[in-house]
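Below: one structure, written as structure tokens.
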């Protein structure tokens, strides 16, 4: 969009740095504010994960029968008691769909049973208005209630005459009735057969006008009863037959006639019933649909009076005895159990969260395992592989939310599909059940995600895959399951797919469910009532208190009457809102336990909104006698305790939650915990009178496992914490390991050491380091892509002093990671790329893609990676305690590694076998391979290439000795240190081990390696080594030299704060010198102490941070934050503080770029800038123009480029490509072209014409002229206006609350991260920073 440039930086900056959706609201910002709601921000995707997962969790239970859907039996709907007026449980309520109740006119049928021994009286009573079901039984000889049994018989079709009734013969089958309990209906299906000696004939002679259909609670879409005990009785099915019960005292014939409105077809069925008691039955028919991701009326299957369906029967595509067995047994799928693990990672699929593209069939390949054993093993080894679900003959257990990918089918399959494992079974029936369960689960997932079944087995395209198909068509894995396992049971994937396909058609009501007869149903009548019964359900996150006068709690919102509750005047959580017609309800539950109580009418509660609780760590004062509650906004019925003591007591808060406009905190005071309103708390203040200095010198020491970087300004390292003065250290601004923390009186220390070798350096004061927590490293085996120019470090969270190397090459390079460690909230991976090894932040890594970029998210390990040998270039010291050495990585046992312990060896190969990674040790002198050792048994460093380095040195009096190998141990020492003092050393070659240089040469007639730091080079023989880096000159009072060994020198004052590009370095008498180019082109020598990696200035604001935050909080346009996707809300105090705290921001390697000075050119080369401009339309190869513009007008090159990329749509806009204006209209046909790459003068009402006019008047006849000329306008109008950093643009610390370019508190953070990404892309870093400081 073109911008109006009549104002200060408006929304241009808000859009300058890609991907931000933050609007400027201030008076001096854009005249046309942006519509925030229309922006899609990548930051919102992470917040949306919770919503996607929550939506998916609404449907987690499979139906209990083959034709059912994923009808969710949610605990939010308490089951009603079964009584003579039974209510119907509505499983759709929690699926947030609508429910339609349809009443139908039913034809009634009379069935009489010939039974000479039966003297019971059967009668039918129908209540046409209530449509309720009364089952009563009378038995004069027994007080027990008999159980109604219904016997279904298979109907035969007579096709001789479609216009007339057909006669069928049917045989009776003897049955035995059972009486398990009252008010239950057990139905028994009896097939028509010829295995009985007695045969009776029935003929349809009349049609009846009354229908008796028992009403059954807890029914699902296909009319089956829910089996809450998960018991599968194959001799009984859950269908209801339409029957009429007539009084019969003697042998008689019973006839039933069905009339359907289906053209030219009549189906007549005969049934035989045996009754054990006198019964009355009245029928209610309800219809509802399976769950769908889109809202639809629920009008599908009905619990009809007979096993009939208007849908056609499914015709199997393959002949399968097992599938026929499943159909014949009418197998039910069990409920889907959830066994999620909190520490499993959650990554979106390549199309986003909640968007899988299909499902993959796996088998566990383990004949001896169980489903519980498989899941337990997976949880222990989830870093190698984990899947979404396991299925066996009895259970379906979902182990990971299907809205997120899993690691089960290789990197390409993981990005796309749901992975489900079949656990091995061993008998025919169990195997059939497992196939039924898998097919039901697969069909449910396809239906849920609106995917149609399509086998990918033969063409690699579809929604149903085997692991073998993934291997064949996508790659990244070599597995071939589940074919071998299926064949072992005389089954095939084609049969399984056919079952999945049939299940899907049943669930989507395209074919008739199992156990039904295909026929046209009776026409439904209009709803009996005029009330709007549409149900809508939405998620809610509030709290409520039930009023003393209320209508009670409702089990379902369809209940006509609520039941009494003891939760009156208690604060309860509200999780859902439901509307049914004119009635509105809240679903309430216990705040702490989550126990569901039921639905309550909205008019019966006092309701308040509630934000999610957040963790805090704050201390307050609270008066004695104050009340603590078990819940926030608690009532007298929810008192936890009273604050004891007298006067103010210390309350330590750990949680905070906002209820409406009030804030409640949870914490502990005097050993008692609970919630209290912030109104009753005051901030703990320091004593007004100075206290006497503490004389407590008690020492406490604790173990620690963190990392730290020593600040440039420090008091040194302490040998013991009792030392009064520290020693100067060269370990500043390096990442060190922290192994212990100590407190001595009011002083606190960390014990720091080398991260890789474990060598302790000493104690450092805690306030003189930047400290981060660190988890233990874990072994991994993953492959990523990394851009050239990215730095590898010798340690995780490494600094510029710990660079191991730079990624070389063009385009994405393959990074093979073997270790992973979490530092604070960031993840670092150790691995190898192009022969170089080191640590890289996961931020710079992306998952490899096969053909196209699948996702910007890093997708970790495939299920099992094929072993491969990598070439590495490292050196290692074998630990004293090791697991031995192997001749081959395949050896199950290792030989003793004692003789290799505490020795240094070269490593040139690395291989992962199973869950272990091994390295090949090589003798450093003979280059002979020695054997493989586990990578955990060695300490490794990168080793450089040996180079010729001829020179003469003297060995320092204090040295470490001469060794047979660089970085050797005492076991490899050739000459002791005391024999080398002040001796001449003649060097012939050199090599770097990590950051340390070692020289190879001769001393005292012995030849070996010695550390360069132990040598003093003769001034006439100083040797230089290549070194490439750009420094900033930081000492205006020092000098540069044409020859560092001579006295001639020249002042650095004219070059102060300019960049100095180094090409080589050397040490002369212990002083490091750099040789490079000044900005005026001179090549000179400068001492390292006169240079800095980056120039940081601090600007004092004159106010406290709290004062600045209070000013921001009182603005008319409040600072904004997105706690939920696309929903802006006022940021709270802690959120604003977090965004404004310059100390915190400056310590973050990415966020500190909001302090980058945009008014300071960095003098980057045109070649480097062209890397950012590759493929950017007319801006491609314009690096020289941007470099010239930046230098000429004093602007940061990266900022200038990012500005142009946004305004030109990556160099593709017509305004950038150029044109002319003729007769007030834009044209490209005049032969003249004028370009505008910053949208200057391009007003919204006619942006193209106005922008070209401006360019024409300015004479911008080329893209380069437009860049240079436009930069002048940008510099003078915006950056030079005083707010020369992103932080200043957002918060304006010089005058808080005025002239701020955005209201979003994260605006500067996000833009800073984008700037950092640009620098990383070209392998550079920012050089000039200005950080405001508060009192």
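Backbone N, Cα and C define each Cβ position, glycine as well.
Within the listed segments 272-293, 514-535, Swiss-Prot records region 'Disordered' for the stretch 514-535.
As annotated in Swiss-Prot, region 'Disordered' covers the listed stretch 51-88 rather than the other ranges in 13-50, 51-88. Counting Cβ pairs closer than 8 Å and at least 6 residues apart in sequence, the domain 'GW 5' (868-943) and the domain 'GW 3' (700-774) reach three or more and so form a contact. Averaged across the region 'Endo-beta-N-acetylglucosaminidase' (864-1335), the predicted model reaches a pLDDT of 88. Residue counts for the domain 'GW 2' (612-686) by DSSP state, with H, G and I taken as helix and E and B as strand, are 6 helix, 46 strand, 23 coil.
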